[in-house]
There are 2 protein chains.
Amino acid sequence: MSRAFNFSAGPATLPQAVLEQAQAEMLDWHGVGASIVELSHRGPEFMQVAAEAEADLRTLMSIPDDYAVLFLQGGATMQQALLALNFAEPGQAADYVVTGHWGKTALKQVNHYVQAHVAASGEAGGFRDIPPRADWTLTPGAAYVHVTANETIHGVEFRELPDVGDVPLFADFSSSIVSEPLDVSRFGVIYAGAQKNLGPVGVSVVIVRRDLLERAGQPRADILDYRSHVKGESMLNTPPTWNWYLAGLVFKWMLAEGGVEEFAARNARKSALLYRTIDGSDGFYRNEVAPAVRSRMNVPFFLRDEALDKPFLAEAKDAGLISLKGHRALGGMRASIYNAMPEAGVEALAAFMRDFQQRHG
Amino acid sequence: MSRAFNFSAGPATLPQAVLEQAQAEMLDWHGVGASIVELSHRGPEFMQVAAEAEADLRTLMSIPDDYAVLFLQGGATMQQALLALNFAEPGQAADYVVTGHWGKTALKQVNHYVQAHVAASGEAGGFRDIPPRADWTLTPGAAYVHVTANETIHGVEFRELPDVGDVPLFADFSSSIVSEPLDVSRFGVIYAGAQKNLGPVGVSVVIVRRDLLERAGQPRADILDYRSHVKGESMLNTPPTWNWYLAGLVFKWMLAEGGVEEFAARNARKSALLYRTIDGSDGFYRNEVAPAVRSRMNVPFFLRDEALDKPFLAEAKDAGLISLKGHRALGGMRASIYNAMPEAGVEALAAFMRDFQQRHG
């Protein structure tokens, strides 16, 4: 098969130009006689790759100088544990706003470390809406407030930044980072697994307001200490160099394409087309999320007749549209349309959906 | 430049056949229309890759069924912290045998969790020898005894397995795993960062005797819990799929080449040739490690005249021999000659060393 349009939620589709460059450089990076994945992380070649990746991400996201940027292993889940270990005192309160599956996961990592308090939850409503800020019950003296900017499974996304006063706002941006301009200065910590919008799986980005690093936190190993990682410039131990390199290629591709403003416009068009196709199907397809908080990145939808799920997936695959099966927690379908999904891919999906409905409706 | 012989200590050289396969599959894995790095870790394609990698490693190492095999992020350093968190009670004694830089690093990760006790150390002798088992002072009731099977920087390697009685032996095998046959049943835990003998950076292998998983350990996040990783089949969160895939290609390559017995023979020949070249140089080159514990993987050596270090490195590079500079902690040179370093590479290095000596000696 040639390249399909791949709607996987993560690991997710990568820009073809990035894959082609990685392919061309696989046996010999820039004439040094070895692949970048075979070179020391402390050698001049990889140090340059690493520095450029950080600089490019800082440019893309307009990250202020008083924020450190880390490239770490362990995924977003590991960062969820480290947030509590690094920024809360043992047993201190920490507020969690739970708007889907990943907010619940975040909570699960910190029970041993903090007094985790659910300040608000959309669970009673099946995570189809985000509880309004006015309904949140924040805890005085909390170490931080944690939100999930975009819920990959439930398809809800914060479209406005909540005001939480002087308490630092920590946000899991795994599935929506660099999808539109963001005011980084509103956050204490932004973290993201890279395997959705940033590039390859196996590396995570953590953006930390430096003053928070002065917090004592809890007794922890050196490898679990963000201060040590900042001091070691994300090379406290051997970093995932190939993954970091591939993320760097994605950053350069994004900058060349026009940066986050351009991707924000594309993502708005892509998601609008998909929701329009769903909403205009007379109920043949449905998305149950409150329109104001519908995700621009992950569009879960259901067919009215579940018996058509299998034919839908099979015919879509034949049409070169893959990885549309919904998460097992929800069933149905899900189209993940991160930055690297071209508009042509979403147009092809929308056309296929209309055609499928005509034939099976 | 075409492919050089790359003596990097890790990330390290990979088999060219493996890189060529990864290159060929970069845009389309087995005709599915996407790269393996773009596919869900829970989809049938990657599940197959993951299962084959584990099965092949079990075959390569003859891993008994009562051992679990994990593919995790975080590197060996992360595992060092997790060993204490998972297998020792808070403040319980744990014995560390320190035979080089990485043994010291292991110790550094656990101070908050266990009563770490240095049972033996080669530091007074500059880590040029391994203290004999008879001189170790083991602690009654220790949770485990930790050793570093091969010290990448100091170039010392256990050539005999120490008997530590009923206390489980935990070993960092990052730089010598699968380099020769090993009796896994002698160990409680074997762990290794993959970026030396196993393949790419960004994934670690942990081999755990299952009965140890019943130990309560210490309060810890789910993501820091080996039991959760075992239960989740190393997919508690999104694993580093591409790195895992590349390691799997290395395992298949090793099996096709003849397995660990064949690599043991090659590694013996490679290291013998290099030590013979050094020892036969009338002191022009020197390696200071006690011959009985010299590493077969990492050969540090020094030129009698330090002023020749720079010309040595420059001329070696011109001869297609790269990454020979020693670790900054020791200076001098280091040739890392893992499984993927062909015998032709070591022969070329030995020939270059003799030639360099003739011209500069």
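Sequential numbering from 1, following the chain as shown.
Placement of Cβ uses the backbone N, Cα and C atoms for every residue, glycine included.
Please treat TrEMBL annotations as automatic predictions, because they have not gone through curation.
TrEMBL lists A:5-349 with the feature domain 'Aminotransferase class V'. Confidence annotation: the domain 'Aminotransferase class V' (A:5-349) carries a mean pLDDT of 97 in the model.
Per TrEMBL, L-glutamate binding site is recorded for A:Arg42. There are 14 other Cβ atoms within 10 Å of the Cβ belonging to A:Arg42 (L-glutamate binding site).
The pyridoxal 5'-phosphate binding site annotation in TrEMBL covers A:Ala76, A:Thr77, A:Trp102, A:Thr152, A:Asp172, A:Gln195, A:Asn237, A:Thr238. The secondary structure of A:Thr152 (pyridoxal 5'-phosphate binding site), as reduced to three states from DSSP, is coil rather than helix or strand.
In the three-state DSSP assignment, the secondary structure recorded for A:Lys196 (N6-(pyridoxal phosphate)lysine) is coil. What TrEMBL lists as N6-(pyridoxal phosphate)lysine is A:Lys196.
A Cα-Cα distance of 27 Å separates A:Arg42 (L-glutamate binding site) from A:Lys196 (N6-(pyridoxal phosphate)lysine).
Within the set of binding-site residues A:Ala76, A:Thr77, A:Trp102, A:Asn237, A:Thr238, the entry lying nearest in space to A:Lys196 (N6-(pyridoxal phosphate)lysine) is A:Ala76 (CA atoms).
When the binding-site residues A:Thr77, A:Thr152, A:Thr238 are scored by other C-beta atoms within 10 Å, A:Thr152 scores highest. Neighbour count (other Cβ atoms within 10 Å of the Cβ, all protein chains): 31 for A:Lys196 (N6-(pyridoxal phosphate)lysine). Taking Cβ-Cβ distances under 8 Å and a sequence separation of 6 or more, the neighbours of A:Asp172 (pyridoxal 5'-phosphate binding site) in its chain are A:Ala76, A:Gln80, A:Trp102, A:Gly103, A:Ala106, A:His146, A:Val147, A:Thr148, A:Ala149, A:Tyr191, A:Ala192. The most densely surrounded of the binding-site residues A:Gln195, A:Asn237, judged by C-beta neighbours within 10 angstroms, is A:Gln195. When each of the binding-site residues A:Ala76, A:Trp102 is scored by how many other Cβ atoms sit within 10 Å of its Cβ, A:Trp102 comes out lowest. Checking the binding-site residues A:Thr77, A:Thr152, A:Gln195, A:Asn237 against chain B with a Cβ-Cβ cut-off of under 8 Å leaves A:Thr77, A:Gln195, A:Asn237.
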